[in-house]
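Below is one structure, written out as structure tokens; the observations come after it.
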Amino acid sequence: MKTKDTKAKLFGTDGVRGRAGEVITPSSVIALGTSAGIHFRQHSLTNKILVGKDTRRSGYMIENALVSALTSVGYDVIQIGPMPTPAVAFLTEDMRCDAGIMISASHNPYDDNGIKFFNHYGYKLAQEEEESIESYYYNPTSLQSALKSGLEIGSSKRIDDVVGRYIVHIKNSFPKNLTLRGLRIVCDCANGAAYRVAPIVLSELGADVIAINDEPNGYNINKQCGAMHPEGLAQEVMTYRADVGFALDGDADRLVVVDNKGNIVNGDKLIGALALYQKQIGKLENNAIVATLMSNLALEEFLKSHQIGLHRCNVGDKYVWDKMREHKLNFGGESSGHIIFSDYAKTGDGLVSALQVLALLIQSGKSSQDALNPFEIYPSELVNLKVSQKKPLEKINGLQEKLDSISASGNRYLVRYSGTENKLRILVEGKDYKLVSEQVKMLVDLCQKQLNV
């Protein structure tokens, strides 16, 4: 988080994030919390804000700074301790709060941290709302003038029993005519926010649960475990001869699955299998789903073969959700493991996704290896080309003709500049790896000549 005089953009694709104690400091968090409080009070309904966090040690520092800021502008703060990001989204609406705040850097190492905001309805903030908060952040006069005194100063209280509400909510997403009895599941909690909740949900539904990485110490979140490092989970699945393994990330909004043979399930295969299952049980709204620009062409063709439409969007679960709302859809996801079932959650929820996978396995009668391997992923090649200038793509001579030739061959391409680096990302995918490789080289050679690489 930059200092006030730089006027840099605070919000990234998923809230505000940075190294704790260097970028995310007590003073910057107080300024951000005060700014958010001013913004939310403009349309206040209940004068309450919910604050949750993951298991990072720096969460204490940030939480206290937020409480100080929010109470200083008159808000009453409810602190719920370590809880998954989707739990904060759910509980914000369920407990009728004006807003919810999650302190987490998701899958990042322990020394990073971040802050995510949810509105009264449990949705992530729109860009206009983020810009409103930023406008206050960079205006010290508005921050000072918003401070309350006397009886107008807010209060704070810690509530530890809200975990039960979330557990009931999650269990209600699982079909009531099914049980997990007879299933052995290894659950990697990433030493993160779901270390208590995940094993309880699975065991209460009848599963034999082996929980791993469920002992957070403030420094071991995501450390060689969880969704970013599922190799350890794969070994445990084989050791315990489990039916399936689930790996969550630090704030439990992401899910990676390991099948009964120890294979890490490709994210696009998981999306495809779940989409088809939702259609088969009559729950896929408008017979279409959302995936990102990075999802493999094989997923698109698999869905098409089952008469399921696909709408693509930019990378980021916020964009997945926006596209779902635009087309009135109830299922979408990213190959990285952020999957949204909007019938049950308004953001990616690793536990909801895990329960839908389990329902699929039970009703199919197949092993996880067979049920979650619905098609083969096509070969792809991605090149990140460093450039000295970001010349408009339409002004690169001959590029469109090359792209048209790739489309004519039946392959898919993605050519776009990075939003944060001086890089041009070139992706091609198709059935024949040799042709894919040749087409990538063709694009790289052309762009290198015209972008002063």
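Keep in mind that glycine also has a Cβ here, set from the backbone N, Cα and C atoms.
The DSSP secondary structure for S106 (phosphoserine) is coil. Look at Swiss-Prot and you will find S106 tagged as phosphoserine, backed by sequence analysis.
Under the heading Mg(2+) binding site, Swiss-Prot lists S106, D249, D251, D253. DSSP classifies D249 (Mg(2+) binding site) as coil under the three-state reduction. For D249 (Mg(2+) binding site), the Cβ neighbour count at a 10 Å cut-off comes to 34, with all displayed protein chains included.
Per Swiss-Prot, the feature active site, phosphoserine intermediate maps to S106. Around the Cβ of S106 (phosphoserine), the number of neighbouring Cβ atoms within 10 Å comes to 27.
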Note to self: Given a separation of at least six residues and a C-beta threshold under 8 Å, show me what packs close to D251 (Mg(2+) binding site) in the same chain.
What the structure shows: D54, P84, T85, M102, S104, S106, G192, A193
Notebook entry, point to check: Relative to the Cβ position of D253 (Mg(2+) binding site), how many further Cβ atoms are located within 10 Å?
Noted result: 35
